[in-house]
Structure formats: C-alpha cells, structure tokens
C-alpha cells in the first residue's frame, strides 16, 4: 500500500467516526435545532479555537461552554453545546474537513437550493454555490482552520470566473473583509472589466472600493495605451476624453429621468447623439422611474426595448420581471418587448416569473423579495404568458401564410379565366379590406391579451375578448383587474 493510499485510509477512518454519530463521542453540539456528535481530542488537535474552548480558561465566543444557552432558557439536555455562529450545513463541512482533511464545498448536483431557481442546476458557480463557499470561508476563519480557508479561497477563485457580476461583487466584499489578497485581485479585475459605471457599482460597493476599481481601470487604460505605437497616442488621448464626455452624458441623462424630464433626454439624443441603448436608459428607467417615464422614453423611438445589458444579457423585461412590477411589464409588452428573449444563461422573463411563483407557492416567501404581493406576481405571470402565447400564434400564422404563398406560386397555370378589370379591382379592394381587418383583429387581440389599457372597442367580438380575459384573470389572480390600473403612476 502506497503512502497516498495509507493517508486516504486514515482519513476515511476518522471521517467514519463523525459519520457514525455517537460512537465514542464525548461532546455534542446543537446547530439549528439538530444534534451533532463529535470528539474533543480530534477537534482540539485540529483547531486552535476548539483547543481554547475545551481547555482554555477564557473560551472564545460563538459556542456556549455551559450548554443549553442562557439562564433564561433552561437546559433540556446537559452537556449539549449550542452553536450560534454558523449554520448546520457549514458546521458539518467544517467538521468533515477537521476529521478527514478533505471537503467538497460545492453543493450536490441538481439539489434544490434556496438561492438557485434554475431547475437541474449543477451548482458550480450559481448564487447558492457562491453563498455556501462564502459561509464556509467565514466559518473557517472564525474557527481558526486556515487550511480550509485557503482551500475555499481557491474554490471561489474558480467560481467567480463564471459567476454573475452580482456574485463577483459579493465575493469582492468578502475577500476584503477576510483579507484574501488573491481573491481580491481576481474579483477586482473582473469587476473592472465588467464595464459597469461607478454609479451602479456604488449601489453595491463602498466608496473606497469603487475608487480602487476606477484606479484599476485607469491603470489598465494607460497600460494599453503604452503598448500602442507613438503615432496612435494622440488618437487615444481624444478617445479617453470622449469616454469621459459619454460618462457625463449618462449622468445628465439619469438626472433628467429622475426628474421625469424626458424632453431633455430627447434633446440629448437629437443634439448630442446620446445612444440610449449603450447608456442603458431603459433599464435605468424601469428600475428607478415611473411607468409614465418609461412609456415616454419608449415613445421616443430611440431605445431598443429588447436590448441586452451587462454580462448577463438581461433586457428591460427581465428587470421588470425580477421587480414583479405589472405596470412595467405591461408598458414594455405594449411596446413589443419579447417575452421569450433569453439571457446569456438561457433564462427568459417567463422563467424568472415561474421560478418566483414556484418559490412563493412552495416556500411561502421569496428570499430577498419578502415584499412581493401574490396578486402582482400572478398578474405579471399572466401578462407574460399571454404575450408569449400571442407571439407563438402570430409566428405560426406567419409560417402558414408563407407556406400557402409558396404553394400558390408553385402551382400550375390558373384554371379559371381572367376576370374583368372592374371585378378584379373590386375583388382586390375587398381582399385588402379583409387583410386590414385581420391585422386589426390581431392587434386588438394582442392588446386585450396583454391587458395594457386599450380603450373599449365596438363590436361583439371585442366584448367577448375583454370578458374572456377578465374571467381568466379572475381565475388566475383571485381578483379582477381593471386595465386602467396600468395608467397610474408608480414610483420606484
């Protein structure tokens, strides 16, 4: 037997002591109401924290050396030590490493996790995997297990390469707090490359961290320019000035949107050449402004309602779905937002709402979104589902029309004799009228489907559409919803 096999066998023997529970156990912890049996000698040998806790005159905080909690909470089982500093899952990972020297920080594949709504996720770099690694890192530092902290840091470095920018910023904050220079360097460069403006970064990071990110960007820009030929320096100097000017435009645009001054934004587009898509004007307005501002911005005709933003490639409809805002969802769909558009990870707005609904139904509340109103969530889901259904029907109709046209063009010579000029023109006029009426009917059906505040239209067909849609909304949401509700101003 080789040395490696001997060490592996020794590691498994110690791990079996932990797995077998009470076998030879001389200490019991209580974590989140669950008992964990362990062995003092192993814990004291592997962790300075437990050595001081079991043997030192002044035990560290985080565990109750008496057992059973405070005097106001009488001890039910003497000798049980409550753990109040970490969760059950993280505490088991910590003990697993102390016993065996090995641990897998990645959650089980396809296991339902609280912060991961994707079905069948492998949890390699999702938010749930990142959160578990961060909690393990904090526990390793707290209990003085430096080897586990280094192992977790290495795991996080590989995770953040594929993680979302939100999770990268989360790890960046933790790396600074835990004094992990390698992790800080990796995350800070990823955030600097993300292209997010300082105003957005300031919402997630402290001012001094944002300043360091901007310093990294400046150094990177200077380094790139130093590699350019000398005759290009003058050009890049103007390019840098142009970038500063664009940043100023974006700040002015956001101030104008905050004050509902869409006319100023229009002047900036026409007079200064402001690109609303690159400035993420629509995303900003959906997240921070009222429905009226978003509608006025869309009616300028200068913004692409399906423009993907950031590394994740989210459209404004993705943002509205995450906000669970029926008003924003409605006005975006009214201006032809695509309910089936996908992010880089393949997530559609419909997927977001279905995940939120599933979490709400099975867990009673959505983590981080406890303010969600069930009726708003149902209404958003109904709107996006209806829009996706209408879009699918329109695509099928268009496909059928193309097939019919191809079949007609490839057929033999006409069987019937040519009609007179008057009859032909009359028939042509009737066909045009029929086509127009069909187009209007499709448009009316779309408006009724999306419940976007269309005015009451004459005719029995339209009444039947409106009545059937209200009945569907009553069945789905439990309450009838007047389309006029979307014309109210809602500030965010």
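Cβ atoms here come from the backbone N, Cα and C positions, even for glycine.
On a predicted model such as this, the values are computed, not experimentally measured, just so you know.
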Q. Between 98-112, 113-127, 128-142, 143-157, which stretch does Swiss-Prot give the note zinc finger?
A. 113-127
**Q.** Cβ-centroid neighbours of Zn(2+) site 116, 121, 123, 126, 8 Å, sequence order
**A.** 107, 113, 118, 122, 124, 127, 128, 129
Q.
DSSP secondary structure for residue 116 (Zn(2+) binding site), reduced to helix/strand/coil, please.
A. strand
Q: Measure from the Cβ of residue 123 (Zn(2+) binding site) and count the other Cβ atoms within 10 Å, all protein chains considered.
A: 19
Q. So among the binding-site residues 116, 121, 126, who's got the most Cβ atoms within 10 Å?
A. 126
